[in-house]
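Right, one structure below, let's go through it.
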Amino acid sequence: MSKYFHSLSQTPHRLKSRMLATWTPDQEVNQVRLRSGADMKRKLRWFDLVSLGVGGMLGVGVFVTTGPVARDISGPAVFISYMIAGFSAVLSSLCYTEFSVNVPVAGGAFSYLRVTFGEFIGYFGGVNILLEYVLSNAAVARSFTEYMCTAIGVSDPNAWRVKVIGLAKGYNELDFPAVVLVLLLTLCLCHSTKESSMLNLVMTVFHVIFFGFVIIAGFCHGDGVKALVEPRGLTPYGARGVVNGAAVVYFSYIGYDTVSTLAEEIQNPSFSLPVGIIGSVSVVSVLYCLMSLVLCVMVPYNEISKSASYAVAFRRIGWGWAGNVVGAGASLGIVASLLVAMLGQARYLCVIGRARLVPSWLAKVHPSTGTPLNATLFLGICTATIALFTDLEIVMELISLGTLCVFYLVANALIYRKYTLTGQNAPFRTLSFLALLSFFSLAFSLWWKLNKPWWGLTLFIAITIAVTAVFQYHTWSISSTANKNLLTPSCPSKWSVPFMPWPAAASVFLNVFLTTTLKTLSFQRFAIWTCLVTMFYVLYGVHRTYEAEEMGRVDVVEIHVTSTRVQPDKLDNVQMAIP
């Protein structure tokens, strides 16, 4: 205890030393990865990644968010909300792809932010991704119970839940089937990643076929355009409702970033990762738009059920048997999305454990299964606990807020890394551009939110475009001058986002814009979460990483001696690190 209090007395010095400390990509790939002991097994190929990305997203968006958003926020124009959110997700996926190819480790956004902006920003992004995963998985697991009820013909979607008198509304319906599902998937993921991927591939194929059935049947037996314009037109809540809906359904695109966390388990990551990430987001965006459109074609928006929306919609058009089929298909899709999301969340926690920001036992990889066993079990128990009692509406916007925040940081990190860390641009110039980009994006968003005159929106858009164009011109001039002074041109990265910095700048703009459309209560809850995780970093994380850095040489020697599964090239790196 006295040692800990001594460490606390040195907190200011340690914060100054560690908050902005960065690792290089080579250190992430070799030295830091050794802290897990055994290696994860490289068995996944590009088609595994596409199926994991598609499976991870499909079960979430359509079956969980579409009904509530169409009924209360966007109206029949919910498919436009999905288009906006999908476009933003594609831009974010481009940023993820370039990072994942050049930093192929299991840490995803945590590793990308840590090698760019330092330890604290990486930690903040990592814990927010974990929050997003755990809450969304719990919410999706509860939706599984609702759709299973409809699959077997039970009319009340809450029939299998146990209502407890005395608990607050939203926390008073215990969902034991959701808990059982989460625990079973946790055990499956502890066994093997490849077998879990094959199970997901089979479920995803059936799921896509099922989607085709719903789309064709819905368009054939719906009311067509008439249902979209009655009773109050395509946009009964106005353009703001469409945009607000886009911020909420962004929750639906959680899952593609899971693909980036599997980088250590992929054969030929420089080819498979771009195909897996961008391909899965593109496929899912199209399916989301069609599925949301067909729901509003079948049922007027103000009559859509918030629970098990698609199954209830088929019953309303007289296809009771189809409602049961939809319940079964949705249940299968939800299982697939849970499997993928739980796969990704364990990898995030494993890498955060390698960095010593959480207890290091969470970073251990089991030598026989090649999976992060401790992290998988720990997060599985956390997810099951929240799924037992927490209703979807309580966490949905908080999930979207955390996701948008992390994607905003990743887009900024890509610009800074590309033009400063690996380019010739001065840090001040790049940081100034990022600050101006965020400022004018926020100004546009607040002007929109406060319903101010349209000329202000045009002005802020024009300024944002001009700032980006000026930055691009200066960086191009600097790069051209530098290349002329070199005997050989600089080597390009393995995969690069085209037309930079425009895609990343657009991602920053859209993430800021969608964030400001969320409710105030979500920001209050997010602020509480931010305070808690910051306190944990100050009281625990910074001291563990500081001690690990000071004892780094001893740590490397220990791994060199005890690890039995280290590959020869990594042993060479360890030996070089020992004086």
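Each Cβ is built from the backbone N, Cα and C atoms, and glycine gets one as well.
Bear in mind that TrEMBL entries carry predicted annotations, made automatically and left uncurated.
Check TrEMBL against the ranges 46-65, 146-165, 246-265 and you find transmembrane segment recorded for 46-65.
The stretches the transmembrane segment (77-99) and the transmembrane segment (495-514) meet in space: the count of Cβ pairs below 8 angstroms, excluding pairs fewer than 6 apart in sequence, reaches at least three. Highest Cβ pair count under 8 Å relative to the transmembrane segment (526-543), across stretches 371-389, 395-416, 495-514: 395-416. The DSSP breakdown of the domain 'Cationic amino acid transporter C-terminal' (495-544), given as helix, strand and coil counts, is 40 helix, 0 strand, 10 coil. On the 0 to 100 pLDDT scale, the model's mean across the domain 'Cationic amino acid transporter C-terminal' (495-544) is 87.
If one looks beyond the transmembrane segment (277-301) by at least 6 residues along the same chain, the residues whose Cβ comes under 8 Å of a Cβ in the stretch are 49-50, 52-54, 56-58, 61-62, 66-67, 70-71, 75-76, 78-79, 81-83, 86-87, 89-90, 93-94, 96-97, 100, 208, 211, 214-215, 218-219, 221-224, 227-228, 230-231, 236, 249, 252-253, 256, 259-260, 309-310, 312-314, 316-317. Listed by sequence, the residues of this chain that lie at least six past the ends of the transmembrane segment (321-350) yet keep a Cβ under 8 A from its Cβ atoms are 36, 52-53, 55-60, 62-63, 106-108, 110, 126, 129-130, 133-134, 136-137, 140-141, 143-144, 147-153, 181-182, 185-186, 188-189, 193, 196, 199-200, 203-204, 206-207, 210-211, 213-214, 217, 254-255, 257-258, 261-262, 264, 308, 310-312, 314-315, 358, 362-363, 365, 371-372, 375-376, 378-380, 383. The transmembrane segment (395-416) shares the most Cβ pairs under 8 Å with 111-131, out of the stretches 46-65, 111-131, 198-217.
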